[in-house]
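Student: So that we are looking at the same thing, I have put the structure below in structure tokens.
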């Protein structure tokens, strides 16, 4: 007699909807518990109705019972329990619990199943009252498909074996389990939708038998495309086992090291038959890496490395390739998926991915070559994703906190060193413009950090002399990409060349002068590169406080003592910031709450706290430590509201100069608006400590300030333009008023004042020496100092500037409201008035410089000859006559001019002379044009006659 397991490969009919409905109804209502004796009814599955529960198991050992049992259970076995469904990542696994160990069992052995399986079995498969069959024997079926004690029935067996029926449930599970070579194979799937499939439920109700058959060769893994559906009987085949470790199914932290090697035979998207490809890596709709752009190449070589931290392997790595188009939307060049569950742990794997376009699956788009290593992470990873982010997205509370800060009470250093780069010059760069020159600038990139140099116009040998720093996150340093570009206004910048610097090959604590040859171009770049040890930049919990540890505090004080002046001159001091809590923050969500987190910035160092959800009074209790490079820097603490679908909302900001900090004092700072011109809602409690070397700080003052890499772009604002104009006008008016005062002394408007000024002038000029100029400034500073310490502070609050700032803030508030009283036309007129005033001032300043230039250019020869004569006379006077006599004569002339000619018009001879020299605009206006003979009346008449 052929066993029923032989028909395992035959096609099985689909499950009828009515059967699924009945089974699901049984699961919901539990009608089987009250119908223990209803299972002995004769008839096959055709007689079962919706009110009939799943048949119970009869007592074995009789041929009649076995035959009836086979008849009743054939309703299950004639129908393949298939329910096609798409995996859902939003629902838990409802039909499968954790896998239980599978042991061979007999008729009298109790089942060691889970509580969920036992409850479902009691609910769906009730045992008949008075039955001698133990519950533990349910589903434990030998290979013949019968109970161990049952006698074979010729009639029942022949009828079952002659028809192409599916194997019994136990055989089918055992066959699939042995094919996979894993006891966990009886799990239907790890993810399911909201309703469990009938096959999964039936599989759950019967414990899997022991592997009685020899294991078969595992089937080849099948790749799953997006939108493809799976059924419960068609399980995913795992990768063939090897000696290497296989990723666990349980969630855990992994590190995925990816090396993007190259691309081959990529698609051409540009008109010239080439492309400018770059690659994006995404995991779960989040971009985790973007490569550099390889210009005009269909076989690009990147050789870039990326390190990605992932907390599960369910999401595949999504690779997308694009063609860069300046000013336009980048063209799609293909995509591919990498199933992370197929990777072996701690083993480098070379991967070749074929790019496909979902809309055009038949197109050949080339391949991408990668090298990947998947390693499990133990403990909390260092946070390398929290710096210099422009927006913050929320995935989940656990993920956000684990990505940002360590939950353990320990200190977490964020980077392991600093690479200081000085861009000196470029030599013999390639000419990209039609005039034989270029407008070069340089871009630097190290991981996610970027820097762009200033543009040097019209030169092939630019001198930049710029210095900046990058953070090192890896011990080996990494590779820094450098590209040179030519700036073109109004169109795409031209690529000049590229080069790379392998930082791992450079020794630390030493300055290296590098002359780098540009690849794919011409010329050299000259750099100075210095790798330093780890800076004092870290995040820790409040329980780990460097300043409260007496021994560590002594080490910090010793490091910045006055005796260690020349030890790392750039390391000026140490800053520790305790971000304790905030109170009364602004409600940014519709629920009346906020999800606040805090950003602490010191120049280009930018650190974040974790997010406290649904709270207007958050407590962070975090300690930040920074390395001070400039004691004149300003510490900025900004509070944001984390938003799920867009960039973070601003809640408040406070700016604190380092020199104004009182060490060890916990202080509540009132939050201000974005412009720091007025208060906003909420306060933040901080405790700050600053330790620095005064000599290093003084020397650093004479060096240019560090430029911030991330700055908000300035927008055109009427109030801002008006404010700057008024400030400039006030500065100029100081000089104008001083000139008016001196002129009033010359005019004898007040005879006593003019007489006193005349006598003072004679004494000062007669006894004047050049050293008296700095002495006068020193006396002025000393006088103001004694006024301040004596309580006679003559400094007044600048109410004019405050009023302007308040007006600017009010103007910003009014701009946000639709019902503004002032019309758009009035705004245009107000802006026009300010612009006209600025235009006139700029015109006068530019005209003055152009007139001086045109004087020496002999634009007007008469004036140039006159200037030569005047300069000769003044040269002779200065050579033969002392300076004090010249100034004395000039002063006497000015003081007596009004007395000699009361109605004379005051003037300045030098400015009067320059007013006669035309500016460049006037030169063009005064230029005589040559007549065009083609437009002469005579030629026009001659052409008409022809």
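Keep in mind that glycine also has a Cβ here, set from the backbone N, Cα and C atoms.
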Student: With Swiss-Prot as the source, identify the stretch among 695-715, 716-736, 737-757, 758-778 annotated transmembrane segment.
Tutor: 758-778
Student: Scan 861-881, 882-902, 903-923 against Swiss-Prot and say which stretch is down as transmembrane segment.
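Tutor: Among 861-881, 882-902, 903-923, the range Swiss-Prot annotates as transmembrane segment is 861-881.
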Student: Looking at 205-229, 230-254, which one is region 'Disordered' according to Swiss-Prot?
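Tutor: Swiss-Prot lists region 'Disordered' for residues 205-229.
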Student: Averaged over the domain 'C2 3' (550-671), what pLDDT does the prediction give?
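Tutor: Across the residues of the domain 'C2 3' (550-671) the model's pLDDT averages 85 on the 0 to 100 scale.
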Student: Three-state secondary structure of residue 589 (Ca(2+) 5 binding site) from DSSP?
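Tutor: In three-state terms, residue 589 (Ca(2+) 5 binding site) counts as coil.
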Student: Please report how many Å separate the Cα atom of residue 643 (Ca(2+) 5 binding site) from that of residue 649 (Ca(2+) 6 binding site), as a whole number.
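Tutor: Distance (Cα to Cα, whole Å): 7 Å.
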Student: Would you kindly give the Cα-Cα distance separating residue 649 (Ca(2+) 6 binding site) and residue 494 (Ca(2+) 4 binding site), rounded to the nearest Å?
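Tutor: That separation, Cα to Cα, works out to 37 Å.
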Student: What's the CA-CA gap between residue 488 (Ca(2+) 4 binding site) and residue 641 (Ca(2+) 5 binding site) in angstrom, rounded?
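Tutor: Residue 641 (Ca(2+) 5 binding site) has its Cα 39 Å from the Cα of residue 488 (Ca(2+) 4 binding site).
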Student: Determine, using Cα-Cα distances only, which of these binding-site residues is closest to residue 433 (Ca(2+) 4 binding site): 589, 595, 641, 649.
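Tutor: Comparing Cα positions, the candidate nearest residue 433 (Ca(2+) 4 binding site) turns out to be 649.
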Student: Name the secondary structure element type, per DSSP in three states, that contains residue 643 (Ca(2+) 5 binding site).
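Tutor: The residue in question, residue 643 (Ca(2+) 5 binding site), is coil (DSSP, three-state).
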Student: How does the domain 'C2 3' (550-671) divide up by DSSP, counting helix, then strand, then coil residues?
Tutor: 13 helix, 56 strand, 53 coil
Student: Taking just the CA atoms, what is the gap between residue 595 (Ca(2+) 5 binding site) and residue 486 (Ca(2+) 4 binding site) in Å?
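Tutor: Residue 486 (Ca(2+) 4 binding site) has its Cα 44 Å from the Cα of residue 595 (Ca(2+) 5 binding site).
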Student: Summarise the domain 'C2 1' (235-353) as counts of helix, strand and coil residues per DSSP.
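Tutor: For the domain 'C2 1' (235-353), the helix, strand and coil counts are 3 helix, 54 strand, 62 coil.
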Student: Please report how many Å separate the Cα atom of residue 589 (Ca(2+) 5 binding site) from that of residue 486 (Ca(2+) 4 binding site), as a whole number.
Tutor: 46
